[in-house]
Amino acid sequence: MSKQPTTSSTLSVGLFPYLPLGVLEKIKQAFPTQISGYQVNFVDFNCYQDEDLGSLPDVACVDTTLLPFLVSKGGVKALDAEMVKDVAGETFAFVTESAKVNQQFYGFPQYLCANFLVSSPSVASQQVSSLLQLAQQVGYEKIVFPGITSADAYTVLSLYEQFVQSSTSSIIDLKHDDLPQKAEQVDRQACEKHRTILNSSIIASEAEFVASVKQHKPLADYYVGYSESLSEIKSILEKDNYKIQLVGARDKPFAYTDVLVLNANLCDEKQKVAVEAVRTLLTCPTILQILSEGLTLPANKNSIEKLAQSSPIYKQLLEQFSTLDVKVLRNVDFGSSTVKTTAKVLRPYLQHIAVATLRCLTADTVEKAKSGHPGMPIGMSPIAYVLWKFFFKSSKDDVNWINRDRFVLSNGHGCSLLYAMLHMTDYNMTLDDLKKFRTLHSKTPGHPEFGHTEGVDATTGPLGQGICNAVGMALAEAHLAARFNKDQLSLFDHYTYVFCGDGCLMEGVVTEGMSFAGHQKLNKLIVFYDDNNITIDGNTNLTFTQDTPAVVKGLGWHVITVHDADNDLLSIKKAIEEAHTITDKPIMIICKTTIGYATKMQGTAKVHGSPLGADALKNLKEICGFNGDQSFIVPEIVRQDFAPIITRNKQRLDQWNSLKQQYEQQYTAEAQQLQRMISHQLEGDILTKLPQYNEEKKIATRSTSQQVLNAIYSLIPSLVGGSADLTPSNLTDVSGCKDMQPEDRTGRYIRFGVREHAMVAIANGILYHGILRTYVGTFLNFASYALGALRLSALSQLPNIFIFTHDSIGLGQDGPTHQPVEVLPLLRSIPNHTVIRPADGRETSGAYLYAIQSTKTPTSLILSRQDLPQLKGTDIQKTLLGAYTIQSHENPDVILVGTGSEVSLVVEAARLLSSDLKVNVVSMPSWELFVKQPLEYRKSVFPEGIPVVSAEASSTFGWTSFSHYCVGMTTFGASAAAEEVYKYLNITADNVADKARKLVNKYGKNAPRLPLSVVGQEEL
């Protein structure tokens, strides 16, 4: 069917549209005048348009996908081993470089592709053997080549078939809108006419593959896989006289690339000239230089022009092209179309070396510390690289930029990766800081710490907390965007990204938080799940066999899976791009990774929590292409690769600042309020708003809490909060305040549902975000449900306000399951955490005064269910002293001290003693505030030698620091009316009075000295 070549002295060279322009140019340069009597003439050849191959040139470049089709047309033959054996090294250098491109950005596996390795009986086995030998000569010992079609292949091949069959179609006129966007839109019947592989994919079944081969009788198809899994296929096909070479190539690169072919009808002399042209091309110094720099030749001149702006090599290449009159054949820019998946992608080696750098840098960091977790950082390096390289928005020029993207490392043990990313993006993190990993006072503690390390957005480590923190951050962004964004002026539009692992997803708090996020439809929350199937105990099949995608979808999330996150950077990038298109759900990207990838212990628990060791670390570096004896290697080319990230984000910051200036001019009132919120300024004098409670009416402190909250709410526009499904009991709602729901995010009241642990962790995340203030409520007894998050609130210096109601046996008939005993001592034992148990309305006002003014300490308000009297002597300001005398005598005989509801009880006990003893009564709402007072003040409240009796309807643990006898609880409570339970446990005014008399009789005024401080911290 092919036209017989002429006897002209011109060697015609036709090039497939995807052939790099540089290749075209180098072939022309190879024959500027004449070689052996032949002159190069470039012809306009498109094998897809010219069905009869009538314009077939002498040398052409075609896509391997269509090679069987072209051979079947009778005019094309591939260069065999004898033709190129002298330049095999150069040939495969070019091919393997293309492999890196395709593998890194298009998801093609790392295997080598040669022609005719699976052949029908009609193809001579000699041809198969010669090509296999050629591959083996350059180090490829095993190659597998059956064929199967992936979704991408269906799409592209369907298009190709349509163009070949239609005389009116032209690939140059193809528009993006004409391309099938999904596999189900492809004309599968058309694809079946020639079934081959474009993007190697998993075979659904062996039977499917065998049927494919027998039906289509391919001349050159391939499937890449492990040879042991293909033995049955090989056996079946060999029975039908198919010649098959099954040679697995696990560790070698695969290239899906264009191939040079010859006109099958060339005479021997002209064929020699054609082969010489190929030889010249493959040994061209300029091409080899480009390859050695880790670059590939761009597909067209437009690509070169873009690269020339930042690359000296491409700039030089562009200058050469500009001086030559070369007709670029079918130089079509396919843009973002499906066909783009067959084009070359630029700078692949650089992408590879950047990921390799992160892997080795994190491993070095852990090795230097002699402790840590290398497996996760090594495994997640590709995801971190793609996220920062193409998406993540933050700038070291303003680390507190309110519209920066947030990043939360929920699996905080992998923090060496976060520290490496901070170093590479020019944050205040040097290589020396990485070398001080896990040392005292370093910037690089063993788990990330908010406020300690610049660029760390959350304190993480206890698994699962970070996911819920991120939910809070995303909720804060959504709320602020709803309140402040205007048309064309969006101050808030950032994303919150999370890394998490199997362990995180096993934690119950994550299910709580993800369920809440799904309900709230937080579409700017993107979680990357490091699905490596390994925990400390071993494979997750020991403990974690749930259908995670189904579970997550059931929680209202959009799920995307990246099947090869170890290498497939393009799929990672596409997954993030898809996530950005979702408008009504949070997104989980399941990243199938290998823990400790490329190390000797990869895929095992051994690489999780211990340094690699010198030998394994050296081996990793050598696999990555580095000198195994060097440490903390960051090639200059990698720094150059990260430099545009820094520049891009500085530009984003500058653009946002300009937008903010426009906003301030057009929306002055809103801008001023936002600024006050950012700087945590109140909208007025809080003291004038606090209720004074001068009346004698009895009222529960949970009710006074609600009254105070309502009174000051308008002063704090940044304040948001809610309850864990206990609003009517906690009384945490504010009159006229709307709910914060997906339909209207301007509301400031949050319905957390029965999710105590997630509620506190989400509140932490809202505070990490940096603008809003939070309060959250539940029963005191359920504070223990939220203890993990509450502890991190204190560690992170977050000024959370916890409203814990139903604080004692005073709640009554719900019984001991709900009556807290141990919770108060537990809360008091947490460093940087202030517990305040007010006795009445005035002390409740004082408690809020402290909590609102606190900037680095969380506050727990311990509030009663039962009504309490407004006591004489209580004082808003004095509440901040922690303890003060409300009934005083000179030279007292005994001191009675109480907290909360028991202050009125000790007042009554003092009345019972008043006939014969001088009794001082002390209200002690907060131990933490009291021990911060000067020692002189503390001694004025509790003079030395005077016996002290304390009363608190809670565990007596810790009271020996402040009293000589403690009336309290040493057992659980009981189910009965509150008055009965108080009597049953002997927490009564009569008992307090009795113990006071006995202490006076025992000690007089020579009672033992009290520490008046935290136990063990008293002054010596």
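Just so you know, the numbers here start at 1 and follow the chain as drawn.
Including glycine, each Cβ sits where the backbone N, Cα and C put it.
It is 646-673, from the ranges 422-449, 646-673, 814-841, that TrEMBL records as coiled coil. For the Mg(2+) site, TrEMBL records Asn532, Ile534, and the single candidate of Asp502, Asp547, Asp564 listed with them is Asp502. Among the candidates His413, His680, His889, His964, the residue that TrEMBL annotates alongside Gly461, Pro462, Leu463, Gly503, Asn532, His608, Phe782 as binding thiamine diphosphate is His413. The subset of binding-site residues (His373, His608, Arg702, Ser729, Asp814, Arg865) lying with their Cα within 10 Å of the Cα of Phe782 (thiamine diphosphate binding site) is empty, i.e. none. Put simply, of the binding-site residues His413, Gly461, Pro462, Gly503, Asn532, the one whose Cα is nearest the Cα of Arg865 (substrate binding site) is Pro462. A straight line from the CA of Ser729 (substrate binding site) to the CA of Asn532 (thiamine diphosphate binding site) spans 44 Å. Across the coiled coil (646-673), the prediction's mean pLDDT works out to 97. The highest number of surrounding Cβ atoms within 10 Å, among the binding-site residues Asn532, Ser729, is found at Asn532. For the binding-site residues His608, His806, Arg865, the ranking by surrounding Cβ atoms (within 10 Å, all protein chains) places His806 first. Around His413 (thiamine diphosphate binding site), taking its Cβ as the centre, 21 other Cβ atoms fall within 10 Å, counting all chains. Between the C-alpha atoms of His608 (substrate binding site) and His413 (thiamine diphosphate binding site), the distance comes to 9 Å. The separation of Asp814 (substrate binding site) from Gly503 (thiamine diphosphate binding site), Cα to Cα, is 35 Å.
Under the three-state DSSP scheme, Arg702 (substrate binding site) falls in the helix class.
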